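To start, the structure under review is shown below, and the notes come after it.
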Amino acid sequence: MEIADTPEQQTARTKLKQTYVVTILMLLFGQVQVVAIMEIESLKRFLTKHYYVSLMNFFVSFISIQLYVFFYSMLERKSKWIRLFVGIWTYEVNTISIMKPAKTAPFISLVVSWALTFVVMAISFIYGNCAVAHQRGLFVSRHNVIRWSERMYVLTCFGIIVCAEMKHISIEFPALFIYTVMSNIFVIVFAASIRKPKFYQSEDIADHILIGQLYYLNIFALYMSYVWTTAAGIDLIKTHLSFR
């Protein structure tokens, strides 16, 4: 005879589903923006000449996510239009800052990265289920998940911007590969941690939006890491072939 879930478990399960819905919708829209912005030649030329714009955007995105997380409990008490504006602002400024739009990735990189991102998300979801079932795994507290989500995103974002200016593809590729491995690990840790009992704050109705936004930042950072790592790998192969 199966034991019925407690109200707290049912609430946590509902919030978990809502978190994944928020994350996937944000991810799909972010990926569409990547493809669209890469086709704007005038923007790429401008960002190539004015490198400081990318750094300024990175700084704004860093401040935005810090303030968004810090004041989220206050935002929940504001009107829905204020919450919507702040949410969209935070989403867009963080999405654009990590795109590296000054360069164009091959179409095959976008396709492969799209597939790999959802494969890793599925693997992390399965791992989370197994970790909860066996009561062991890469669990991290809610506080540390939020704190390290911000740090990993900032680290990956800054790394991609710096790698964009590297003149040697033999240095750019391994650097991007390291960022990709780190992003992979943290996405799995994040997915396992949000399955912990009492992870969600039941008194906060929109808690899943905050967690979904943070999960999106890391899964989108993983996606962009895949994009530029595969693009750098293709360039590296072409460089080696040209010397033969």
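All residue numbers here begin at 1 and follow the chain in the order shown.
Using the three backbone atoms N, Cα and C, a Cβ is placed for every residue, glycine included.
Remember, TrEMBL labels are computer predictions, not curated facts.
The annotation transmembrane segment is assigned in TrEMBL to 20-38, 50-75, 107-128, 176-194, 214-237.
Relative to the transmembrane segment (107-128), the listed stretch 214-237 leads the set 50-75, 176-194, 214-237 in CB pairs under 8 A. Listed stretches 50-75, 176-194, 214-237 were compared with the transmembrane segment (20-38); the greatest number of C-beta pairs under 8 angstroms is found for 214-237. Below 8 angstroms of C-beta separation, residues 82-83, 86-87, 89-90, 93-94, 96-98, 100, 102, 146, 150, 153-154, 157-158, 161, 164-165, 204, 210, 213-214, 217 of the same chain, each at least six residues beyond the ends of the transmembrane segment (50-75), sit close to that stretch. Sequence-distant contacts of the transmembrane segment (176-194) (same chain, six or more residues past either end, CB-CB distance under 8 Å): 16, 19, 120-121, 123-125, 127-128, 131-132, 137-142, 144-145, 148-149, 152, 155-156, 159-160, 163, 200, 211, 214-215, 218-219, 221-222, 225-226, 228-229, 232.
Listed by sequence, the residues of this chain that lie at least six past the ends of the transmembrane segment (214-237) yet keep a Cβ under 8 A from its Cβ atoms are 19, 22-23, 26-27, 30-31, 34, 65, 69, 91, 94-95, 98-100, 103, 105-106, 108-110, 112-114, 116-117, 120-121, 145-146, 149-150, 152-153, 156-157, 160, 163, 169-170, 172-173, 176-177, 179-180, 183-184, 186-187, 190-191, 194.
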